[in-house]
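K.L.:
Here's the feature list from Swiss-Prot:
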ZN_FING   102-122  zinc finger
ZN_FING   139-161  zinc finger
DOMAIN    239-466  domain 'NR LBD'
REGION    304-433  region 'Required for heterodimerization with RXRA'
SITE      LEU433  site 'Essential for heterodimerization with RXRA'
Amino acid sequence: MVDTESQICPLSPFGDDDLESPLSEEFLQEMGSIQEISPSIGDDSSGTFAFAEYRCLGSGPGSDGSIITDTLSPASSPSSVSYTPIAGSADDSSSATLNIECRICGDKASGYHYGVHACEGCKGFFRRTIRLKLAYDKCDRSCKIQKKNRNKCQYCRFQKCLSDGMSHNAIRFGRMPRSEKAKLKAEILTCEHDLEDSEVADLKSLAKRIYEAYLKNFNMNKIKARIILAGKASNNPPFVIHDMETLCMAEKTLVAKLVANGIQNKEAEVRIFHCCQCTSVETVTELTEFAKSIPGFSNLNLNDQVTLLKYGVYEAIFAMLSSVMNKDGMLVAYGNGFITREFLKSLRKPFCDIMEPKFDFAMKFNALELDDSDISLFVAAIICCGDRPGLLNVGHIERMQESIVHVLQLHLQNNHPDDVFLFPKLLQKMADLRQLVTEHAQLVQVIKKTESDAALHPLLQEIYRDMY
């Protein structure tokens, strides 16, 4: 999580050259092929996983990169038939309303002809062959009969008519026997139910995979934070930082490593800003490892992986930050400290403006009463966003996000059945987060220009560069 202080290795002060020189691809390579973001971003530590098994169940990918929010329906059945309910009684429906394919060539069947469902073309072909007693030149190639080539090999077409059950003794034009229709409908419903069960199982598996990756990769989550904030933790309560004196005490104990190497001699606002950056860098690394657990992410072009992280990490950070916040303050240093909201507001400008918008967002976000399983899918949807600038494989990323958003929708329906508007509310929060990150990036640029002692970490500087 984004604790204001954390126990990680100290960062030495940055020189002017670090701030002004552009971080090119060469710099990223010096960081170990973007190892600064992740020690193994090029490795698929999650193992091989075919994202295609979580196919999009919606009405089709959006062309503008927006999130698909319309009602999503099960994918079409792999069988040759699908049932479309129509008005009227079952007896009134013809075989055409069942949208059945011709058993011979796959074209749309016009009815039940000579004992099988067949199109007008194959019905006429079989009738002519029988009535005229036509004999075709033998073919040993076992030609595949399809709509586009059904007239090329008449011998194989006739053999397929016979093998699929067409018979002159079973003449019946147009109408299907009621028993046959009832049997067919039962088969269709069974197939659809089996398919839906399979799809639901796949979606649950995806949700479980993402949730487990979330719990594994982040050192702080909502359930842990709520236990600490409620005073129910088994260990000592967090140390409260509410003024300069308690801040200095915390810097000597909780975050002593972060304020070494000359940082301790700078003013309090700069020290706090430095600690915020340290925690942000750590969370970017956690988010990168989490992203690699999202099916399909590690198979993306490396440029697309970096782009998704560049534009998505701060939106994800501020969403997860809400978990450690309440109206009075926020947990820091892995839950060992609690810095008050009023103290952060008392800092001099522009530093006093950093956290207050995050508290405002957190109060509204926490009102949705999401748990970690909800948040994990929400964060995954943020990362896999197909409208980020500079993406190469937009279509694949959009399909990834559509699948995750669909899983999120179904998960919310199951996890929060009484809040029917929770899903659209959460989609709106994605837009709110973009605005929050834009304002934050603008404030950071102001600090960079006006505060000579408040140096930016190189990784965060690269993330902010040309962001918005």
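A Cβ is built for glycine as well, from the same backbone N, Cα and C atoms used for every other residue.
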K.L.:
I need to check the long-range neighbours of the zinc finger (139-161): which residues 6 or more away from its ends have a CB within less than 8 Å of a CB in the stretch?
P.N.:
102, 104-107, 114, 121-122, 125-126, 129
K.L.:
When secondary structure is assigned with DSSP, how many helix, strand and coil residues does the region 'Required for heterodimerization with RXRA' (304-433) contain?
P.N.:
90 helix, 10 strand, 30 coil
K.L.:
So, by DSSP, how many helix, strand and coil residues make up the zinc finger (102-122)?
P.N.:
3 helix, 7 strand, 11 coil
K.L.:
At a 10 Å cut-off from the C-beta of LEU433 (site 'Essential for heterodimerization with RXRA'), count the other C-beta atoms across all protein chains.
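P.N.:
The answer is 21 other Cβ atoms.
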